[in-house]
Amino acid sequence: MPQPQIVWLRRDLRLADQAAFHAAARLGPVIPVYILDDETPAERRMGGASRWYLHQALSALEIELDHHELRLILRRGRADEVLGALVEETGAAGVHALRHYEPWWREAEERLAGKVDLTLHDGLYLLPPGSVVTGGGTPFKIFTPFMRALFAEIGEEEPLPVPDFSRPAKWPKSDRLEDLALLPTAPDWAEGMRQAWTAGSAAAQERFDSFLEVIDDYREDRELPSIDGSSRLSPQLHFGEVSPRQLWAQVAHNPGRGAGFFRAELAWRDYAANLVAQFPRYTEEPYRPGYDHRLWRDPLTDEEAAADLKAWQQGRTGYPIVDAGMRQLWQTGWMHNRVRMIAASFLVKHLLIDWRHGEEWFWDTLVDADHASNGTNWQWVSGTGVDSNMFVRIMAPLSQSEKFDAGDYIRHYVPELASLADPYVHDPEEAGCRPAAYPRKVIGHREARERALAAYRAISR
Ligand SMILES: Cc1cc2nc3c(=O)[nH]c(=O)nc-3n(C[C@H](O)[C@H](O)[C@H](O)COP(=O)(O)OP(=O)(O)OC[C@H]3O[C@@H](n4cnc5c(N)ncnc54)[C@H](O)[C@@H]3O)c2cc1C
């Protein structure tokens, strides 16, 4: 009997279109392994909402593997050390994994390569980050030319099927999923998430099938938070329960405009990973020079700024669209993309708080918290990234709320405002009908705008 092969799983929790499983299964019996590695830098340790989702995803994967008479071996510890020990214990000939791009995973891959026979495969993105480059061979900085080049290169390769597996004669011991302690206990804050999400590849496909029925309206409906108009597959894509290639292939023959726009969103995901591959500190510090501490009010030293940050986190800013978004995030672990932009812009420009505080909050509370996508989008909203400087453009949350027809969305997530009709629900304070239970605005729009522009002028001098 050939020696077994270990498949090291991280954000690639699926059997189909999973090149590591595919390659390992050809060579011998397969031992799938997930290691909860909390040795990553403290600020990059997986957040609470992601841990909750991960529990569901691993549970779904265990069931799927069981259909193939395979077990999922769960362990905790530093991934390279645990894998090194597992190779010895099982006599595995090698380890197969999908290549990851987070700095801590790159380091773990490097450390592991010196210890075991490690084979890395592509498959996290439509194309490997760093591979889509300009005619001159340099990486792209700006999205649209990047997307065009990606579309030109991607080709029609079909996603890989689920391979035929063989099993090892003896399985190594595994921790129980409960031992990973991924779920909240006291208090259990996950009820809203349980209602919102079903993890696993099968659920992802089911979700995508229903999205395909409305994809023709995607271009318009994805902007409307009251409508279920986008795929809502970001956690499944983040944890790799479905691959971007699988989604790409399923819309490739759809001639509608919606499909084109959906492919562009998948390209944003690749773009974010490319930016971080190109600028490894992109998620940690402003790309543009000059956006230093002088611009921001610091919640660590300034009590008012600390109170404003808290009001933002709790959805109590007095701006209904912002509050609805922040409460949706807290309850379900997800926020509508348009509202993410409004809420992020509000933190940075209205409250003049460094985007990294927002990035950190999203990192802890999003079920789709993604190192590259989160950091890149925060820099984009803040105007501190590779795009043109957008600091001077300040999003008006109240008119955005009306424009994107957020009345029902607000009424759903901000129960204090449930009885207000449009248009009052967008700005009850201005309309003179703010219920006592709903907070006043933490700052007026005009005042905030002037303060932000003044601060910006001061650092630009
Ligand atoms: C401040 C801010 C922070 C964000 N943080 C994250 C994050 O941590 N993780 C994350 O997956 N997305 C993040 N996004 C991007 C976007 O909001 C979500 O991907 C999207 O809302 C997910 O919903 P969906 O699956 O219905 O998207 P759809 O509209 O159905 O799009 C399909 C997929 O494309 C990808 N995608 C769409 N928009 C973007 C984008 N702007 N950037 C990168 N990928 C995109 C996602 O994987 C998404 O699931 C952030 C956006 C903002 C403004």
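A Cβ is built for glycine as well, from the same backbone N, Cα and C atoms used for every other residue.
Remember, it's a predicted structure, so these values are computed and weren't measured experimentally.
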Site co-member for FAD according to TrEMBL, given Ser230, Ser231, Arg232, Leu233, Ser234, Phe262, Asp368, Ala369, Asp370, out of Tyr218, Tyr282: Tyr218
Recorded sites: Trp296, Trp355, Trp378 - member with fewest neighbouring CB atoms within 10 Å: Trp296
When distances run from the Cα of Ala369 (FAD binding site) to each of the recorded sites Trp296, Trp355, Trp378, the nearest one: Trp378
Cβ packing number for Tyr218 (FAD binding site), 10 Å threshold: 23
Length of the line joining the Cα atoms of Leu233 (FAD binding site) and Trp378 (site 'Electron transfer via tryptophanyl radical'), in Å: 20
Minimum Cα separation from Phe262 (FAD binding site), reported as the residue among recorded sites Trp296, Trp355, Trp378 that achieves it: Trp378
